[in-house]
Amino acid sequence: MDSLVDGNHTTVTEFILLGLTQDPVLRVILFIIILCIYLVTIAGNLCTILLIRVSTQLHHPMYFFLSNLAFADMGLSSSVTPNMLVNFLMDKNMISYHGCVIQMCTAFLFGAVECCLLAAMAYDRFVAICNPLVYSSKMSTQVCFQLLIVAFIGGCFNASAFAITFFSLVFCGSNRINHFFCDFAPLREIACSEDSALLLLSTFTAASISVITVIVIAVSYIYILITILKMRSTEGRQKAFSTCTSHLTAVALFYGTVMFIYLMPKSSYSTDQNKVISVFYMVVIPMLNPLIYSLRNNEIKGALKRELWRKVFS
C-alpha cells in the first residue's frame, strides 16, 4: 500500500525515490563506487575522532571542533547513503512517509551543524592569529562546549522547522520523488497544497543559519588576512596561513555546493545536475574532509606517525 483513501482525497503513505538512474548496469557500478566512498568516509572520520582523542598533542580547540566535524560528516553521509545503496539493488525504491521525514530531518540537522562548526573553526583561527595572547581564555574548554551546543541547537531548529513544514504538506496525487533521497524541494513539487507561513519559517531558519555562518567565516578571514599582511616575517605569514588552508578548502567545497543546490535559480540547471551536486555534497565531501585535514595538516600527520610508531613498538 502506498496510499489510503480519505474522503475525496488519496493520502500518500509511501514514496518512490526515482534515484540517480534507472540503467541496471550503471546502478551496479554506482553501488560499488558509492559503497567504497561510504566505507572510506566512515573509516576516515572515525580515525580522525580516535586520533584526536588519544593524542594529547591534539587536545586543542581546533581539533575539538574537527572531531565534531568528523562526527557531523558521518551523520550527514549516513542519513542518505545506506538507503541509497539498498535502493540501487531494488527494482522499486520505496520509503515510508515517516521514514522520509526522518531522512530529511537527519540530513538537515547535520547539514546545519556542519555550517555552525565551520563557522566556529573560523572564529578559532581568528582568535589564534589575531589575538594569540588571549587565546586560552577566549577559546577555553567551556567556550568550546558552548559553541558546540549552539551548533546542535541550530541543527535541531533547522530540522524541526522542516519537519513541521513537511507535515503541513498534503500529498494527494503522485508519490514519485525525483531524487535519491527525501529532499524538501522535490517533495514540494509533488505536494497538492502547502502552508505558506510554515514554508516561510523553514526557509527563514535555513537562510538564517547559512547567512550568519557565512558572515562569521567571512569576517574572521578578513581580519586574519589583514593580520597576516601586517606581519613582517615571511615565515610568520606562511605559518599563519598554513593553519587556515585546510579549513578554507573545506569551507569552499561545502558552501560552494550548498549555494549551487539551494540558492541558484532552478532554471539555470537541470534536475540531474542537482542530483549529481547533491551526491558530491552529501556523499563525497564527508569523505574528503578527513583527507583534507590529514594531508594538509602537519600536526595531524605528526600525531598519526607517533601513534602508529607507539602501536608498532609497544
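The backbone N, Cα and C atoms fix where each Cβ goes, glycine too.
Among the features that TrEMBL reports, transmembrane segment is placed at 28-51 (among others).
Residues or ranges marked as domain 'G-protein coupled receptors family 1 profile' by TrEMBL: 44-293.
TrEMBL lists 63-81 (among others) with the feature transmembrane segment.
As annotated by TrEMBL, transmembrane segment applies to 101-123 (among others).
Positions annotated as transmembrane segment by TrEMBL: 144-171 (among others).
Same-chain residues lying 6 or more positions outside the transmembrane segment (204-228) and placing a CB less than 8 Å from one of its CB atoms are 108, 112, 115-116, 118-119, 122-123, 125-126, 129-130, 154, 157-158, 161-162, 237, 240-241, 244, 248, 251, 255, 258, 262. What TrEMBL lists as transmembrane segment is 204-228 (among others).
Remote same-chain partners of the transmembrane segment (240-264), defined as residues 6 or more beyond its termini with a Cβ less than 8 Å from a stretch Cβ, comprise 62, 69, 111, 114-115, 118, 121-122, 125, 128-129, 206, 210, 214, 217, 221, 224, 227-228, 231, 274, 277-278, 280-281, 285, 288-289, 292-293, 296-298. Residues or ranges marked as transmembrane segment by TrEMBL: 240-264 (among others).
The transmembrane segment feature in TrEMBL is assigned to 276-295 (among others).
Through the fold, the transmembrane segment (101-123) approaches residues 62, 65-66, 68-69, 72-73, 75-76, 79-80, 83, 95, 147-148, 150-152, 154-160, 162-163, 166-167, 181-184, 187, 206, 209-210, 212-213, 216-217, 220-221, 247, 250-251, 254-255, 258, 282 of its own chain, all at least 6 residues removed from its boundaries and within a Cβ separation under 8 Å.
Sequence-remote contacts of a segment are chain residues at least 6 beyond its ends whose Cβ falls under 8 Å from one of its Cβ atoms, and for the transmembrane segment (63-81) they are 34, 37-38, 41-42, 44-46, 48-49, 52-53, 103, 106-107, 109-111, 113-114, 117-118, 120-121, 124, 144, 147-148, 151, 180-181, 250, 282-283, 285-287, 289-290, 293, 299.
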